[in-house]
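According to Swiss-Prot, the feature disulfide bond maps to C33-C57, C34-C73. Annotated signal peptide per Swiss-Prot: 1-23, in sequence order.
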Amino acid sequence: MMSLQMLLLAALLLGTSLQHASAARATNVGRECCLDYFKGAIPIRKLVTWFRTSVECPKDAIVFETVQGRLICTDPKDKHVKKAIRHLKNQRL
């Protein structure tokens with residue numbers, strides 16, 4: 001009977017720790033990942049910098065930051081996004 005109780009306790013602790021680990025990963029989705037792409041015109045003159053989202057994110061995205069500090073999630077395959085990245089890279093030179 002004692003070994004059955006220990007086995008159940010170990011299973012409970014393992015289940016709790018796995019649930020906690022997956023919940024911690026899910027909390028980052030809204031902050032560091034894009035859930036949708038911006039569909040409007042990209043204000044190239046107002047862009048300051050850009051970065052690619054993590055490979056752990058559900059959607060591959062390029063995030064632009066504007067001079068006002070606004071973050072814009074965009075589709076990396078979009079031709080306007082590629083043009084904006086080239087513009088920002090040329091500004092650094």
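Placement of Cβ uses the backbone N, Cα and C atoms for every residue, glycine included.
When secondary structure is read from DSSP and collapsed to three states, C73 (disulfide bond) falls in the strand class. Set side by side, the disulfide-bonded residues C33, C34, C57, C73 differ in how many other CB atoms lie within 10 angstroms of their CB, and the most is found at C34. Spacing of C57 (disulfide bond) relative to C34 (disulfide bond) is 7 Å (Cα to Cα, whole number).
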